[in-house]
């Protein structure tokens, strides 16, 4: 199911349960502002290439809009709209005084050099600088972006508006970033997992885990679960998947990935068809990659007893219904992965207060 259709369907379902007025429901379905820009840059070989960038600002009723910027080939208006909507719900669930926003550029970061990524980021910032701001809309890292990306945005924005460290979060420490921000989303996922399991009389150290996605969030989730004694039995990323029923040594896998930029040929595990990962036997399944990976085609084969949504909208509504009938307990993304935006708030608020405007 389309990402926006899926998210909007969930909102309508929640609105019916809550008895929301139809006018409020409609206003929550329509974003405050949608931005689409062309980003043309010179490549290192001198040729010109164009990309399309998006920023959707969903709602500012509770405070400045907040949300990441992702660089990924599947970025499109509907996905960005859905993710912005989810940020509105996530900040409300976490009781942080923000609204929701999201942005992205349809590109493949690993095919671009560092200088090309910088040029692309700066051009995108030039196109949206007058629509973001310390008390308006605060970007952060997301899939395919990182602290360096935020540093470029901050520098480019500051050319127009003066030095404004609170305009982005997830910055390098030297520019006012927060210790622990890189691990925050993954750490929050693990805290949420511990709380969920505790309600059912279980502990991480007694269970097996399958983790889809081994980027920033997935790698931190795997590392922290491994440290707590949990058994990570299968992991995947864009390069492939590996499994070990006796548990993968996550630190060895991280070292292998660092050396080879791949999970394949890791000596401490066997290869696994990535399409089989989500239905691999485990106690807890943690999707940490793209949305919509659990759908009506594969939900019936899921063998996990718990699903923790570290990714944004990884479970389609049809899959929700199937999994619910199977008795699978799902911890929703707007709770499970709120650790990142929580630490982003701590980073932002110190500089927002320093700017002389009271927040909170």
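Glycine too: its Cβ is placed from the backbone N, Cα and C atoms.
As written in TrEMBL, here are the features:
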type     : residues    : note
ACT_SITE : 102         : active site, proton donor
BINDING  : 66, 90, 344 : substrate binding site
BINDING  : 185, 216    : NAD(+) binding site
SITE     : 142         : site 'Important for catalysis'
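Sequence features annotated in TrEMBL and their locations in the structure.
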residue	record	Cβ contacts under 8 Å, 6 or more apart
66	substrate binding site	87, 91, 96, 98, 99, 100, 101, 137, 138, 140, 341, 344, 345
90	substrate binding site	100, 333, 334, 335, 337, 338, 341
102	active site, proton donor	55, 56, 58, 67, 68, 69, 70, 80, 81, 83, 84, 86, 87, 142
185	NAD(+) binding site	216, 217, 220, 310, 337, 339, 340
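The record gives 66, 90, 344 for substrate. Within 8 Å of the mean position of their Cβ atoms, the other Cβ atoms in that chain belong to 67, 87, 91, 94, 96, 98, 100, 140, 338, 340, 341, 342, 345. Look at the Cβ of each of the binding-site residues 216, 344 and count the other Cβ atoms within 10 Å; the largest number goes with 344. Of all Cβ atoms in the shown protein chains, 25 besides its own fall within 10 Å of the Cβ of residue 142 (site 'Important for catalysis').
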